[in-house]
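Read the structure below first, then the notes.
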């Protein structure tokens, strides 16, 4: 409580992506277009799955949740980044900074757990197909989604508590375009070595353990595909390769950012742009371009809309 009472900083100032005004204007248009396409693409996937009965199965149930999380995840940081590209003084209040930090880790951690669950779903479907309907029924799927949100919330609460328990009495300049734990705790008026270790341990353990679980699942799947027919192998590889591309695009930046006690914020900003702006857009593109069922369902919905 004493640490909280010492807090005197009321707002933070972002340095942003660059200090070059011309580059900021040039960045604004493509980032705005990317964000709008992210919202549209992921929203279309959710709507398509909800209104297509034959897609009401575990794989697409999880995919719709992934699209929802991507919408939320990008919306936590991108609007503030776009605002900062147009303003000379990029500020955020202390309370809003902590809120942004909380929701950033909530959605990021929930996505990590969801991608791990999706890998397990594919493992059951391909390796033990006769038990799939019993193991992955809708009741279990709903329970898994509840568990991943609970896990994401607990992780985010831990990260947020470790951040706000520190005293902030200046400076208040964040070398980033959004509030995240590493750049924020650097501004604390006390030694943050132990806090940094705890934060890296929390995020790093989750990222690495889930990534190892994913790699293990796909390794077992690849070995089991030798027993499948040519058509079965083709369909399974198409689904799994799309999912693994999403995993690599998301886990790579997360492991890079959150498993190092010391960060280079100039490099971190580039990596952060990739996983907060680019990856949420690539997810719907990867799944729709490589998934005939989703593409066909979207065409049917469009035809129904035209006919009505």
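Even glycines carry a Cβ here, placed using N, Cα and C.
Lifted from Swiss-Prot, the feature list:
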| type | residues | note |
| --- | --- | --- |
| BINDING | 105, 109, 260 | Cu cation binding site |
| DISULFID | 97-179 | disulfide bond |
| CARBOHYD | 5 | N-linked glycosylation site |
| TOPO_DOM | 46-57 | topological domain 'Cytoplasmic' |
| TOPO_DOM | 119-143 | topological domain 'Cytoplasmic' |
| TOPO_DOM | 226-236 | topological domain 'Cytoplasmic' |
| TOPO_DOM | 290-308 | topological domain 'Cytoplasmic' |
| TRANSMEM | 25-45 | transmembrane segment |
| TRANSMEM | 58-78 | transmembrane segment |
| TRANSMEM | 98-118 | transmembrane segment |
| TRANSMEM | 144-164 | transmembrane segment |
| TRANSMEM | 205-225 | transmembrane segment |
| TRANSMEM | 237-257 | transmembrane segment |
| TRANSMEM | 269-289 | transmembrane segment |
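Between the C-alpha atoms of residue 97 (disulfide bond) and residue 105 (Cu cation binding site), the distance comes to 12 Å.
Residue counts of the topological domain 'Cytoplasmic' (226-236) by helix, strand and coil are 9 helix, 0 strand, 2 coil (DSSP-based). Other C-beta atoms found within 10 angstroms of the C-beta of residue 179 (disulfide bond) number 24, with every protein chain shown included. Contacts of residue 109 (Cu cation binding site) defined by a Cβ separation under 8 A and a same-chain sequence distance of 6+ are given as 151, 152, 155, 156, 206, in order along the sequence. Note: the stretches the transmembrane segment (25-45) and the transmembrane segment (269-289) are in contact (3+ CB pairs below 8 A, sequence gap of 6 or more). With pairs at least 6 apart in sequence, the transmembrane segment (269-289) and the transmembrane segment (98-118) have fewer than 3 Cβ pairs within the 8 Å limit; the two do not touch. Looking at residue 179 (disulfide bond) and residue 105 (Cu cation binding site), their Cα atoms lie 11 Å from each other. Within its own chain, residue 105 (Cu cation binding site) has 152, 155, 156, 159, 160, 181, 203 as residues 6 or more apart in sequence whose C-beta sits under 8 angstroms from its own. Helix, strand and coil counts under DSSP for the topological domain 'Cytoplasmic' (46-57) come to 8 helix, 0 strand, 4 coil.
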